[in-house]
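**Q** Below are the features I grabbed from Swiss-Prot:
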- G12, T13, S14, L15, D16, G17, V18, D19: ATP binding site (BINDING)
Amino acid sequence: MTKNLYLGVMSGTSLDGVDLCVMDFAKNPPKLTACGFTPMPEDLRTDLSHLLKSGETSLQKLGEIDHRLGLLYAESIKRFLAEHQLSASDIQAIGCHGQTVWHSPNGNFPFTMQIGDMNLVAAHTGITTIADFRRKDMAVGGQGAPLVPAFHEGIFASPERLTVVLNIGGISNISVLAPQQPTIGYDVSVGNALMDSWIELHQAKRYDKNAEWAKTGTLIPALLDSLLDEPFFKLPAPKSTGRELFNLEWLVKKSANLTTYRPEDVQRTLAEFTVQSVVNELKTLESEKQCLLLACGGGARNPLLMQRFSELLPKWQVATTDEYGLDIDYVEAAAFAWLAYQRVHNLTNNLPSVTGAKEPVSLGVIYPK
């Protein structure tokens, strides 16, 4: 059978590295055939982290980071293809998200900024590259995020149940796939970002593997209540957020007593905050039908988070996308392969019911090989 391969490339707000996957669109539903990961070089991660936390840089520095990211994507793709015995001619197109450094969908001049020079990606790989997926949605009145729910709808929706796909990356976002209703999707809360930043600050680790540190801590109810008292949670959907809100500066503002707590107790509380802020939203969606929560993203590998979701959602079946045929670490990368496929065929790939856009459009800028 003829293959129809597209390569999805994603680097998220966690800054851990680059996810890559190949999707075969000759299959129905499309099939994930290969996946891989390239760690973010430490010097680039440091520069990006500073940029995300401060929001300040020089034009020269921004241009250099843009170039370095383009090279990272290109080299990651070439290495990935070689490892999987694939050539550039096997791939119809690359869908590359780029690296979000700012997302501000409200105000007088809404904008989103993803960097990483896609001219370099197309030139160095010899593969047509599709990128800049968010700004056209914003141009027609949308939030520019999230983009993945349309992909989730095609893969996971069922007329027999309410399905919510929860992606726990740096930020937690959901796709709500309800029978006979338009799909909706939006950011609901922080994901791993605060937990990752806190353990990096106190233990110089990138993340809390298997929640080992959080499990040694004790919940701080007063801090949890303060964190949950965040105006973002009261905003109507669709809505989007990022590290420009949920960061260590925000955490400090939320608690005058932060330095008096044991760091591991704060970590345990941040984990609980991640779960409870999501659960509060899910409980507003519960229906009489079967309810399925499908978790993906790095947070789906956190046993403490998954345990607490199961405990706090007794009416729901709680599972990961692994159990439904899509590796939890590569759902977003797979979605960008799908977005590229849709763009190449000039098909719409945003959902106005999700982003708030005035109309469905075909997102993505094409960078020819």
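Note: Cβ is positioned from N, Cα and C throughout, glycine not excepted.
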**Q** Going along the chain, which residues six or more apart from T13 (ATP binding site) have their CB under 8 A from its CB?
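**A** The answer is L52, T100, G169, G170, I171, A193, G242, R243.
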**Q** What are the non-local neighbours of V18 (ATP binding site), defined as same-chain residues 6+ apart in sequence with CB under 8 A from its CB?
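**A** In sequence order, V9, M10, S11, F37, T38, M40, L72, Y73, S76 meet the Cβ cut-off.
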**Q** What three-state class does DSSP give T13 (ATP binding site)?
**A** coil
**Q** Could you tell me which of these binding-site residues, D16, D19, has the fewest other Cβ atoms within 10 Å of its Cβ?
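**A** With the binding-site residues D16, D19, fewest surrounding Cβ atoms within 10 Å: D16.
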**Q** Given the ATP site residues G12, T13, S14, L15, D16, G17, V18, D19, which other residues of that chain have a Cβ within 8 Å of the mean position of their Cβ atoms, reported in sequence order?
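**A** For the ATP site, the extra neighbours are M10, S11, M40, G169, G170.
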**Q** Just jot down the residues in the same chain as S14 (ATP binding site), at least 6 apart in sequence, with C-beta under 8 A of its C-beta; none if empty.
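**A** In sequence order, the residues whose Cβ lies under 8 Å from that of S14 (ATP binding site) (at least 6 apart) are G169, G170, N192, A193, D196, Y207, G298.
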**Q** With DSSP assignments reduced to helix, strand and coil, which class does V18 (ATP binding site) get?
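**A** Going by the DSSP assignment, V18 (ATP binding site) falls within a strand, counted as strand.
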**Q** Since the record lists G12, G17 as binding-site residues, which of them has the fewest other Cβ atoms within 10 Å of its Cβ?
**A** G17
